[in-house]
Amino acid sequence: MPHHYILTLFGLLPVATNISTWWNFGSMLLTCLALQVLTGFFLAVHYTANINLAFSSIIHITRDVPYGWMMQNLHAIGASMFFICIYIHIARGLYYGSYLNKETWMSGITLLITLMATAFFGYVLPWGQMSFWAATVITNLLTAVPYLGTSLTTWLWGGFAINDPTLTRFFALHFILPFEIISLSSLHIILLHEEGSSNPLGTNPDIDKIPFHPYHSHKDLLLLTLMILLLFITMSFFPDIFNDPDNFSKANPLVTPQHIKPEWYFLFAYGILRSIPNKLGGALALVTSIMILFTIPFTHTAHLRPMTFRPLSQLMFWTLVSTFITITWAATKPVEPPFIIISQATSLLYFTFFLSFPILGWTENKMMNTP
């Protein structure tokens, strides 16, 4: 039995015996966070937050710094891995009703928003062509805010256009936000262990629990090993798979790329933004696409917690997953038919899931004849 209180805490942590592989993503996210902070620190040591030197400093890191290429690729691909894990983690929470642990769910969605902000600021730092124009387009959405929009945008930019002050403050924010993420993650884990994890059956697992270590810790190690293996294979053989070709050119404010788009993990929100032909409407839809996740614990009306035994909810859940993938794909395409109508239809379907959520619960209660 370990004597150190932290080891004892994890060793004796009671966990349901029947949690599946879908519960492994929390530990994978923790590993991704540690990797990002570590590689980010080594990159920050060599990076220069200046519009004339930022792009050159990235080239310097990749070419001249020992193992700089590894740090740079691990940081970029690690961000994609982070988002893959967090989207699966949220999907598992939706499917198995983990959102009924309200405080944990709320802290988790706050974590997602902080992570998205951190990733956005990081995407601007290389000062490539796509970095510059994606930052211009996204920050310009603030001008849609009535009365305060222009003042807010000028304040964020530090001037009347994206320039050196913008890059400096984005670097400062990109450096400080991971510490916010670490704090929120600690809070998330503390809140989770107040009530304990849910399980695939949605039953009260108190009568059948086992210690986290060695049982679940060894189970977690399998997927962790596979994730790190996948990360290193991608880094070694396909290092530029997630990169935009335009970002290999230095930012030029005088030349607009043919098709401006952010990183793939923001494309679903960007696709929803683009599907509405109005600036304020699009900006509101973009914000709502994330914020609507906060409403889920309050719209759960089913008597059963998970979707394991709820066929209608399962159908809508997998429709949501396919919708998410389709919006992401459509957002990579130019704004022209048929991609406009595909984006609009999938955006409507995306919001339909959340709006129909309470109705589905009531319908399923009636189907099961539960009082």
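Residue numbering: from 1, along the chain as shown.
Cβ atoms here come from the backbone N, Cα and C positions, even for glycine.
According to Swiss-Prot, the feature heme b b562 binding site maps to HIS75, HIS174, an assignment based on similarity to another entry. Residues near HIS75 (heme b b562 binding site) in space but far in sequence (CB under 8 A, at least 6 apart, same chain), listed by position: GLN36, THR39, GLY40, LEU43. Reduced to three states, the DSSP call for HIS75 (heme b b562 binding site) is helix.
There are 21 other Cβ atoms within 10 Å of the Cβ belonging to HIS188 (heme b b566 binding site). Per Swiss-Prot, the feature heme b b566 binding site maps to HIS89, HIS188; the stated evidence is similarity to another entry.
Among the features that Swiss-Prot reports, ubiquinone binding site is placed at HIS193. Around the Cβ of HIS193 (ubiquinone binding site), the number of neighbouring Cβ atoms within 10 Å comes to 16.
Taken from Swiss-Prot, the feature transmembrane segment covers 25-45 (among others).
As annotated by Swiss-Prot, transmembrane segment applies to 69-90 (among others), with the evidence given as similarity to another entry.
Annotation comment: Swiss-Prot describes 105-125 (among others) as transmembrane segment.
Sequence annotations record features per position, and here Swiss-Prot assigns transmembrane segment to 170-190 (among others) based on similarity to another entry.
The transmembrane segment annotation in Swiss-Prot covers 218-238 (among others) and rests on similarity to another entry. Long-range contacts of the transmembrane segment (218-238) within the same chain: residues 21, 24-25, 27-28, 31, 70, 73-74, 77-78, 81, 85, each at least 6 residues beyond the stretch ends and with a Cβ under 8 Å from a Cβ of the stretch.
Positions annotated as transmembrane segment by Swiss-Prot, on the basis of similarity to another entry: 280-300 (among others). Sequence-distant contacts of the transmembrane segment (280-300), counting only residues of its own chain at least 6 positions beyond either end whose CB sits under 8 Å from a CB of the stretch, comprise 90, 94, 97, 99-100, 102, 105-106, 109, 112-113, 116, 141, 144-146, 268-270, 272-274, 347, 350-351, 354, 357-358, 361.
Under 8 Å from some Cβ of the transmembrane segment (312-332) lie the Cβ atoms of residues 87, 91, 94-95, 261, 264, 267-268, 270-272, 274, 302, 339, 342-343, 346-347, 349-350, 353, 356-357, 360-361, 363-364, 367, all in the same chain and six or more residues away from its ends. Annotation source Swiss-Prot lists transmembrane segment at 312-332 (among others).
If you look up Swiss-Prot, you'll see 339-358 (among others) marked as transmembrane segment.
HIS174 (heme b b562 binding site) is surrounded by 22 other CB atoms, counting those within 10 A of its CB over all protein chains shown. Long-range Cβ neighbours of HIS89 (heme b b566 binding site) (same chain, at least 6 residues apart, Cβ-Cβ under 8 Å): PHE25, GLY26, LEU29, GLY108.
HIS188 (heme b b566 binding site) is 21 Å away from HIS174 (heme b b562 binding site) when you measure Cα to Cα. Annotation note: HIS193 (ubiquinone binding site) sits in a helical segment as assigned by DSSP.
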